[in-house]
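Annotated in TrEMBL:
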{"type": "BINDING", "residues": "His79, Gly120, His121, Ser122, Gly152, Ala153, Asn180, Tyr289, Glu371", "note": "thiamine diphosphate binding site"}
{"type": "BINDING", "residues": "Asp151, Asn180", "note": "Mg(2+) binding site"}
{"type": "DOMAIN", "residues": "320-485", "note": "domain 'Transketolase-like pyrimidine-binding'"}
Amino acid sequence: MSQTPPTPILDRVRLPSDLKALTDRELHRLSDELRAETISAVSVTGGHLGAGLGVIELTVALHAVFDAPRDKIIWDVGHQCYPHKILTGRRDRIRTLRTKDGLSGFTKRSESPYDPFGAGHSSTSISAAVGFAMARELGAETGDAIAVIGDGAMSGGMAFEAMNHAGHLGKRVFVVLNDNEMSIAPPVGALSSYLTRLYSEGPMQDLKSVAKGAVSLLPEPFQEGARRAKEMLKGMAVGGTLFEELGFTYVGPVDGHDLDALLPLLRTLKARATGPVLIHALTKKGKGYAPAESRADRGHATAKFDVITGAQVKAPSNAPSYTKVFAESLVREAESDEKIVAITAAMPDGTGLNLFADRFPRRTFDVGIAEQHAVTFSAGLAAAGMRPFCAIYSTFLQRGYDQIVHDVAIQRLPVRFAIDRAGLVGADGATHAGSYDIGFMANLPGMVVMAAADEAELVHMVATAAAHDEGPIAFRYPRGEGMGVEMPERGQPLEIGKGRIVAEGARVAILSFGTRLAEVLKAREALAARGLAPTVADARFAKPLDTDLILRLVAEHEALICIEEGAVGGFGSHVAQFLSDQGVFDRGYKFRSMVLPDTFIDHASPEDMYASARMNASDIEAKVLELLGVAVAKRA
Ligand SMILES: Cc1ncc(C[n+]2csc(CCOP(=O)(O)OP(=O)(O)O)c2C)c(N)n1
Ligand SMILES: CC(=O)[C@@H](O)[C@H](O)COP(=O)(O)O
Ligand SMILES: [Mg+2]
């Protein structure tokens, strides 16, 4: 008679406290079930698969040994948090990951008490953990702080700022270095080679007994796993590591998929540690799912997929991505200009510089997750006469802002900033929105700031940037595909500070900066049906402004609307400043600036996010009618 399958252990786990009742053997089974559930969930939603599969056992072990939410488990970047979310009361919603009104794809304080610190940008976890640890030292009602940081995130400067401080403070804090020898791409940097040496060269023999001794401290019930742990400790490097020089007890490397090693080790450290401890765990990104393990990016980011085959379900593309257009345009420019070099901060594929590297490997630099260094490294290249294109997503460029001001703008160095993922990006949500670069770039003296209205414009802006040696220049473009417009053979440099009329109309002029132009033209069509077609212009430049064009639009129309995919303080604010200085408002001139609302917009599709920002065609149409005093039925 066939046996009824045992009830899945995962069905008995709603919160981490439920793990305390499980035996180590059951924790093994739970890990297998958690891995399967993670694969199943991401097959439905798409998202960051590889990183989560790499920390299944670490997630189980940390929640089995520590006591969240009193103990704070802080995930770095946070893209690997799906297993953590399944074990912390969100399994029922895990298939809403990264969808409108669904779970965030990163940890998020407002989502759960088990998410003590939000993430999305790399290398923040140790700083946050030290903050929690010192709050405890000062009497706050909080337990242990455990930062789980990857080898990629460890290349971010602030991780070392935090370790430097933690080592100085000497207080108990745990750092789990999740070393899977991967960033999004293979990791770069001397640190990565050092971590590899830590487990490939013979560790210092005389200190291994210290490590073995740590296990013998285990309370009797856990001795069962200790024998395995002792075997594993044989390979441990103890003493003399970089981390110990920074004041940490270094423990590792440990097999991050071996619960028989992880559980006794974490139990011992929880029972005995008195100061900062770094546990070096070796893991595999995409572990346990062959289609992820076999991919070059180990399944870092995936669309929805068939679990059996691993085949991803991708929407057909109608036009090249902006990223691809940028990269191919830059290759064309670099073919005739050997001074052009390209810099990425650990995002070669995301920025398209992998294409540039294929063609010009010696002129492409991946500096790791180190945007501050990327900017000033580019400044150094420019100071030496090169033409550096520093390609960093808008949101991540925020990391290098002081370097843009201090090392690039003040010295008026001709660094070219290729700002991808400008505007709202969709499933990655508020932490990845490219909302602020217009503001923080256009307020810098000498900075030229452009936004491509479509992929053809982007080709010309790459050429414009390549030709601009007078100072720094930036051009922004959104995530995703272009509009499907006709593409130029070759980019033609634009006249700096000059916009263009796109469609003539009357009464109202709309001056668009960037790709909202497509929505503006849709709105114009609807308005034309009412006999109210506005004039539409593409500003192309937020700095320097095309003041002749602006004054002409004001002179020829009773109202002017500006629109941009950015927060207040950007293009529209600069136009308002100019018109104010010209006294245009003294005459009661009607002006509106359509910008992102003063709030962080949660993840959804970009279309839905712009709808919530009231910046789609229907909103533009309504704005024109409002200015013309035409009554419209209010949208729900
Ligand atoms: C400041 C910043 N720059 C770039 C990124 C993009 N990014 C997301 S995950 C990742 C790689 C992280 O590697 P690692 O920490 O080793 O985690 P793994 O994916 O290997 O688990 C990068 C570069 C980011 N999130 N934050
Ligand atoms: C987790 C992270 O920060 C990156 O993987 C980011 O999600 C990449 O964004 P794109 O998908 O727009 O390249
Ligand atoms: Mg990694």
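First residue shown is number 1, and so on along the chain.
Backbone N, Cα and C define each Cβ position, glycine as well.
TrEMBL labels come from automatic prediction, so no person has curated them.
One residue stands out among the binding-site residues His79, His121 for having the most other Cβ atoms within 10 Å of its Cβ: His79. Per the record's binding annotation for thiamine diphosphate, residues His79, Gly120, His121, Ser122, Gly152, Ala153, Asn180, Tyr289, Glu371 show a top Cα-Cα distance of 32 Å. Ligand 2 lies within reach of His79 from the binding-site residues His79, His121, Asp151, Gly152, Asn180, Glu371, judged by a C-beta closer than 6 angstroms to any of its atoms. Annotation for Gly152 (thiamine diphosphate binding site): spatial neighbours Val77, Ser122, Met182, Ser183, Ile184, Pro187, Ala346, Gly368, Ile369, criterion Cβ-Cβ under 8 Å with sequence separation of six or more. Sparsest Cβ environment among the binding-site residues Asp151, Glu371 (other Cβ atoms counted within 10 Å): Asp151. Cα spacing between Asn180 (thiamine diphosphate binding site) and Asp151 (Mg(2+) binding site): 7 Å, rounded to the nearest whole number. Between the CA atoms of Glu371 (thiamine diphosphate binding site) and Asp151 (Mg(2+) binding site) there is a gap of 16 Å, rounded to the nearest whole number.
In this structure the alpha carbons, written CA, of Asp151 (Mg(2+) binding site) and His79 (thiamine diphosphate binding site) are 14 Å apart. Among the binding-site residues His79, His121, Glu371, not one has its Cβ under 6 Å from an atom of ligand 3.
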